[in-house]
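Per TrEMBL, the features are:
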TRANSMEM  A:21-42  transmembrane segment
DOMAIN    A:22-249  domain 'ABC transmembrane type-2'
TRANSMEM  A:62-80  transmembrane segment
TRANSMEM  A:101-128  transmembrane segment
TRANSMEM  A:140-161  transmembrane segment
TRANSMEM  A:168-187  transmembrane segment
TRANSMEM  A:228-246  transmembrane segment
Amino acid sequence: MDIRMMLATARRVLSQLRHDHRSIALILVVPALLLTAVYFLYENETLRPGVPRTFDRVGLMMLAIFPFVVMFLVTSITMLRERTTGTLERLLTTPVHKADLLFGYGLAFSLMAALQSLVATAVAYWIFGLDIAGAPGYVVLIAVINAVLGVALGLFCSAFARTEFQAVQFMPVVVVPQILLCGLFVARERMNDVLEAISNVLPLTYSVDALQEVAAHAEATDRLWQDAATMAAIALGVLVLAALTLRRRTS
Amino acid sequence: MSHSSAAPSRPAHHGAAAVVATALTVRLGRLPVLHGLDFAIPAGRITGLLGPSGSGKTTLMRTIVGTQRIAGGTVEVLGLAAGSAALRREVGYVTQSPSVYPDLTVEANVRYFGAMHKKGKADVAEAIAAVGLEPLARRRAAGLSGGQVNRVSLACALVAHPRLLVLDEPTVGLDPVLRADLWDRFRAMAEAGTTLLVSSHVMEEASRCETLLLLREGRLLAQLTPAELGRRGHSSNLEQAFLAVIREQEDGDGGTPPDRTIGGIRPAGLEQRRSVR
């Protein structure tokens, strides 16, 4: 690995994005707008005393889900373009290490995800008064790890798509099941055994669990760190799988 | 085209070979594309790879660059097996359709590919100047014409100062002035010691090369100098000469057999070549 090649790759990916003002606006603004929608959706709910608002539960989880979904899409399309335009083949004829490319991608999109999550978290806290026990820094941390996970899965899945149209179709396959089973709609304890077992191996589950820890405890708990470590390990594993899909030679 | 610009006829096999292929066979999937090629590309020269579209030029170039797996035989590049990790520093490859980032500026493209070879600002500026794109250095590639994007792609290879430069149809879409400029640049690079392999299906460009590999339907028709091609094809027009060589192969017993010829050309395709004229 060569840190300079990795940084050059991250810089290149970011400057590609920099020229695309509309995408930047979509990445930064849309999560905040959707949070606003969620807030007003539960605006008139009647709460028994002591019960937290639904927004504090659902809005919080959405803060983790946005970067995952957005970075999955952005990465898989960007990488697919790199494959179809021949720039990837060209790069692989240079001395660059595959890890430099993949971590460069990961770094660039994690930075974008961090910005996105700062905007969304700020809106959730300051405008809609998100009320949880833990510090907002942990929310952002989990959101960024989720973004890396999305990047890793996007890099991996792009290998199985030949067109951008196909790449987008991976979203219902890879992303939607994770959203359904992560504990957002139904608490995982109340799922049947099969669904619960599946949800146990899906990475997004751990981020929802981690955020529930943040919501319930003022200080970081062991379980929060365990969840974060599990997510990071899965992200790294998927990045290694993605590296295996980068072939210097075709037959 | 006239041949006033013909390359000085240095002997084709003088000095060391940069690329040596022995019984090279390549298949794309199950389809055989290259059939047992034997040839040597001389170091520090411009070698032209000529042949009709679909004759296997790109596959041969990808094999030399190391992105295409070999089914049989060997290819040695600068003394190492094609595709060796050490060659990634030495071999530059410019694909037929320009592989650059359209959403980056000319400079950012060249800088990025330069960074992969640990090259800095001076090399980037030099490569952009070499293809005559200084005035457009800060423009995004997406806004450039097809010929300009081709030159960006070339600059992205030049920035690494490769010892072997493999160029797949680099002059397609360029006007005659730019084409002449680029060939002058290639000549200068070869004189400085770079080995160039340039594919083309425009026979007039053959005269710019010092050696020619004539490829047809995945077989090597001949390896010779432009002058030899003219003599063998009995025409100073290299396109006519190339066609004559093809016919000579098809007739089987035509005149003096060339030393580096692999026979067995099917008679099909001749009509097609005629209609191309």
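Including glycine, each Cβ sits where the backbone N, Cα and C put it.
Just so you know, TrEMBL annotations are computer predictions that nobody has curated.
Away from its own ends, the transmembrane segment (A:228-246) comes close to residues 88, 92, 98-99, 101-103, 106, 141-142, 145-146, 148-149, 151-153, 155-156, 159, 203, 206-207, 210 of its chain (Cβ-Cβ under 8 Å, at least six residues beyond either end). Here the transmembrane segment (A:62-80) has Cβ contacts under 8 Å with residues 13, 16, 23, 27, 30-31, 34-35, 38, 88, 105, 109, 112-113, 116-117, 120-121, 124, 139, 142-144, 146-151, 153-155, 157-158, 161, 163-164, 167-168, 170-171, 174-175, 178-179, 182, 184, 204, 207-208, 210-211 of the same chain, all six or more residues outside its ends. Taking Cβ pairs closer than 8 Å, the transmembrane segment (A:168-187) reaches residues 58, 61, 65, 68-69, 72-73, 76-77, 153, 157, 160-161, 195, 198-199, 202-205, 207-209, 212 in its own chain, all 6 or more past its ends. For the transmembrane segment (A:21-42), the list of distant contacts is 53-55, 58-59, 62-63, 66-67, 70, 74, 112, 115-117, 119-120, 123-124, 127-128: same-chain residues at least six beyond its ends, Cβ to Cβ under 8 Å.
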